[in-house]
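As recorded in TrEMBL, the features of this protein are as follows:
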COMPBIAS  B:12-22  compositional bias 'Basic and acidic residues'
REGION    B:1-23  region 'Disordered'
TRANSMEM  B:32-53  transmembrane segment
TRANSMEM  B:87-108  transmembrane segment
TRANSMEM  B:115-136  transmembrane segment
TRANSMEM  B:142-161  transmembrane segment
TRANSMEM  B:173-193  transmembrane segment
TRANSMEM  B:220-241  transmembrane segment
TRANSMEM  B:262-288  transmembrane segment
TRANSMEM  B:330-348  transmembrane segment
Amino acid sequence: MTHTVTPQTESPEATAPHQLEARGISAGYGKTPVIEDLSLRIEKGRITALVGPNACGKSTLLKSIARLLPLAAGSVLLEGADIHRLPTREVARRLGVLPQSPVAPESITVGDLVWRGRHPHRQFGRRRDEHEDVIIAEALKATGTAELVDRPVDQLSGGQRQRVWIALALAQDTPTLLLDEPTTYLDVAHQIEVMDLLADLNEQTGKTIVLVSHDLNQAALYASTIVALRDGRIIRQGPPEEVLDERTVADVFGLKCVVVPHPYTARPQIFPLGRRHHPQENRP
Amino acid sequence: MTQPPRPVVKGPEPEHPPDIHPVRTRASRGTAVAVLAVLAVAATLVAGIGLGARPLPPGEVVHILLHPGEQAFDTHVLWTERIPRTFLGLAVGAALGASGLIMQALTANPLADPGILGVEQGASMFVVLGIMFLGVTDAGGYFWLALLGSSVAATLVYLIGTRTDAGSSAVGLVLAGVALAAVMSSLITLLVVRDKEAFAHLRFWSVGQLTGRAEVLSQVMPFVIVGLLLALPLGRTLNILGLGDETARALGVRVERARLTAAAVAVLLCAAATAAVGPVAFVGLVAAHCARLLVGPDHRWSLPVSMAAGAVLLTGADTAGRLVLDHGEVQVGLMTAVVGTPFFVWLARRRDLVRM
Amino acid sequence: MTALDTRSPRPDSPTTPAVVAHLRSGRRVRDRRAAVTAAVLVVALLGLTAASVLLGGIGRLDPADVLPAALGMRDGLADYMIFQLRMPRALSALLSGALFGLAGSLYQRLIRNPLATPDIVGISAGAGAGAATALLYAPAAFTLGVPVAAVIGSFVLVAAVQALSWRGGIDTYRLVLVGIGLSAVCTAYTNYLFTVANQQTIAIAMRWTVGSTSAADWDGVTTLAVGFGACALAALFIGRPLATLTLGDEFASGLGTRVTASRVGVLLLGAAAAALATSVVGPIGFVSLVSGPIAVRLVGTERSTLLAPGIGAVIVLGADVLAQHAPLVSPVPTGVLTALLGAPYFVWLILRRRQGAS
């Protein structure tokens, strides 16, 4: 079952080519495809969250549209052009990717690491110029890591480290940023810190952000579009208020829950119901 | 491995008391494998004696073996050359097989092997020291030096290897063994490099070979036999230690002493083997895995089977090394490296060995 | 709206020009430091080369003759010893050390593990096997045949190690283990060749089992010099893709690097460098292991590959001088000394990682 989905919110630039578009893509590891004949449009200037249970294909989808995985079928369009026909450096100037739990080379400093984000913009033999340092400085400032420039990355805390990786992706200076579970392995305060940062970037620079999230509540709080996947298929997609209800959570995760609006933002928040948490069964 | 999944005890009342031998080999299977092992050893014995530059039919080999006193030419050649050599191979192989299995069980490491972990190199190092500075010339003396050297090496490798963060303790031990072996062989080279005669001698000894060691047999045999006898009752201890130190302690085993005893036996066997033929890697590794493939992880069965497998392997490799060249022969240490490496690589590829 | 109000304020956030200035000054400091380190290395190399040539090792030379001979003012024995024995020896130690250092640094950065150097993952053993085969079975093609065979042997080993440790991805430790295994086979094969061949001499056996510079000649120096030039040039080109590969394949791909091509390029380049060095001086151990991390410590990861050849050169040349003159033990093959110095470092390396991790 395939969803060819039309945008469900009114987009001011509905006629412009979508930032990213997957058309009937199939991809996976080895011979068995994880996602099959899947189509998706990512809107410009928004935060899109891919959610779903483990092994539902959300990371595979992200990697496919980031051309980190070869496609078995279909095509991915970046601003209307086939991503696999574009030179890989050209893609890297338009599309930044932050893979899940990246590793820093031993004892590299924050400054040196972030500097590597400039790779797609550099030509062999050219020295770095003033402009590049400004971009790096901006990336460091935006992520609040300017004070850490001279520190080795392996001495940072998890939250600091994740901000440094995002700074690297920012130094790449791309209009679109894809992130694979940017908050895994972080404690909850750092998770919120990273999500706040992404929201700030989206708001201040109009960056298009696509992220894989394992946390429905965070996705609902920060994303403007939720894409819910199960078994390699898109089950529902749209704004959190429309998509996140008891039925979707049951369909996608097989989990009973109560959905309650967030007290300040009115975004839907999930309260899972285990076997012991039904109101009638809980009564003495 | 071939271990069948244990039924998980469900519900509040377990019907049986906990099984002290978590992995039991059925006696019928064990007996069948034991018979097979004896036959294999016998076949290897006959082949090892019969095959060579002057091949003899099996019937004649058996005849000569049963009539040691005859004055025929063949009999004389066999009793001074091939027969001691073959028995030496069987004894050393059995020692290495047992040593390898015990080391693997103690370190919970499928890559453990007296050669790979550098224990044999430690033994060699001390033997060379003894030859050069103490004037030791007989294999009995070699043995005591080798025992000292392999104890030192085993302790060092264990201390270093279990304190690394190299993926898993399996990898850590191997890396520590490689490093130690490199230091030891460099020291050996350093010691003998200006002594041309010793160097020429050592170059052959240091690859491990059975040639020209007939006189060694009687000197080393007692140590090997003692070691093997000490090893045989260890199966039960190893089974319990395999449950983890805490469980073993709860079952009333004095864990430290049990581990130390088992390690001492493994080191003794390794030392005897090295003193007799020089360092031979991979035999213990392959033998132990063959044994476990055949009879499962119950050490009461796999220990003797591993001895038999080691004996067959080493003697077989030696016999094959005699046959692959038209003239001359390939040292058994080289043969076992060629046979053992594919095995080692296959083990290294196992998914559960290294974290992804 | 997102909960912007709750985000923690960053009161002391520096201005962009301040950060830029800081970046610049930091870079200048590190550039200067790299330059100073390189200068020190050059001085050390000059000193060691002079020591090696002037002190010599083989035979005795009247000290009064050494300097004039080195300047080309003597004929006969002095001239012969300086130019045919000592100079080639010093230069081949220097150049092979540089090649080992380069190879090690490339592998350590690519595989992201300080243990994964060409000698540990079996590449050097493969090169040794190739070289020994050519040496014994095609001695006619001696000058070019041996290095070429060594490079071929190392490439075969690269392919074998990669193929055998591939299981839906490369795990570093699996790679190292498979390398150790294959290395054992290659060493067994090389040992076999030399025990079978009757022409074995101690010098040759030493060279091929532990590595030694004592049999150096000008042909070898030429091979090493050309090899080092080519490898260093290639390393300059591949440096930037390699810098992105150190962040992981996915990141590198995201940054616009052609991952497979760059990876194969680095693997083959490192193998070729190690093989060329091995073909002339044999498998001198632990140099490629030690050089890279020392370079990282001195000048940081970014510039380490540039410096590692210098470190390697200092180590081998220093070990070579020591091997000829150290009290009690000399003369010994160079490889014995590097192993004795390198193996304890190796142990420290695997121990230290635990402390870093916990």
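For all residues, glycine too, the Cβ spot is worked out from N, Cα and C.
Counting Cβ pairs closer than 8 Å and at least 6 residues apart in sequence, the transmembrane segment (B:220-241) and the transmembrane segment (B:87-108) reach three or more and so form a contact. Residues of the same chain lying 6 or more positions beyond the ends of the transmembrane segment (B:142-161) and with a Cβ under 8 Å from any Cβ of it are 107, 114, 117-127, 129-130, 134, 136, 169, 172-177, 179-180, 184, 219-220, 223, 263-264, 266-268, 270-272, 274-276. Fewer than three CB pairs closer than 8 A are found between the transmembrane segment (B:262-288) and the transmembrane segment (B:32-53), and contact between the two stretches is not assigned (pairs 6 or more residues apart). The stretch from B:32-53, B:87-108, B:173-193, B:330-348 with the most CB pairs below 8 A to the transmembrane segment (B:115-136) is B:173-193. Sequence-distant neighbours of the transmembrane segment (B:32-53) (same chain, 6+ residues past either end, Cβ-Cβ under 8 Å): 60-62, 64-65, 78, 82-83, 85-87, 89-90, 294-295, 301, 304-305, 308-309, 311-312, 315-316, 318-319, 322-323, 327.
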